[in-house]
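Student: Here you go, one structure.
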Amino acid sequence: MERTLLLVKPDGVNRGLSGEILGRMEKLGLKLIGLRMLQMDAVLADKHYAPHRARPFFKDLVTYITSGPITAAVFEGENAVEKMRKAMGATDPAKSEKGTVRGDLGIDIEQNTVHGSDSAENAKHEISLFFSESELVNYDRR
């Protein structure tokens with residue numbers, strides 16, 4: 001089974017949207033196997049967003065993601081990455097369809113409420129930044 005990482009960003013947590021967003025992912029048939037809340041520091045943000053380090057928005061991204069608490073979750077399921085990315089919508093909420101997380105809940109391109117892994121390979125790396133294997137729970141979903 002494929003795994004993927006979901007982060008509810010500070011704007012989502014501050015508006016009390018973590019539960020709604022997690023519920024939307026479970027309704028897709030994805031199984032929640034890891035969950036935690038944390039305050040991301042600059043070191044973790046730098047590791048997580050390393051692929052964007054050379055981009056002009058990197059500093060603002062790190063400032064934003066470290067500005068408040070986040071919810072980190074790992075979901076598992078068939079085509080988990082693709083299902084979650086489709087449910088999240090386009091990066092820019094203004095370009096996201098209604099019915100997607102960002103289309104319904106996102107504020108702007110920076111405060112777009114969620115992050116999701118963009119590939120199964122990247123998901124493995126991202127998950128390892130936030131969770132040890134022993135923190136991920138294997139169970140039969142009924």
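A Cβ is built for glycine as well, from the same backbone N, Cα and C atoms used for every other residue.
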Student: With LYS9, PHE57, ARG85, THR91, ARG102 listed by Swiss-Prot as binding ATP, identify the candidate in ASN79, ASN112 belonging to that site.
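Tutor: When Swiss-Prot describes the ATP site, the candidate it includes is ASN112.
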Student: For the binding-site residues THR91, ASN112, work out the Cβ neighbour count at 10 Å and name the residue with the minimum.
Tutor: THR91
Student: Give me the long-range Cβ neighbours of ARG102 (ATP binding site): same chain, 6+ apart, Cβ under 8 Å, in sequence order.
Tutor: MET88, GLY89, ALA90, THR91, ASP92, PRO93, SER96, ASN112, THR113, VAL114
Student: Quick one: what's DSSP say for ASN112 (ATP binding site), helix, strand or coil?
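Tutor: The residue in question, ASN112 (ATP binding site), is coil (DSSP, three-state).
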Student: Given PHE57 (ATP binding site) and HIS115 (active site, pros-phosphohistidine intermediate), what distance in Å do their CA atoms have, once rounded to a whole number?
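Tutor: Here the two Cα atoms are 16 Å apart.
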Student: Express the distance between the Cα positions of LYS9 (ATP binding site) and HIS115 (active site, pros-phosphohistidine intermediate) as a whole number of Å.
Tutor: 7
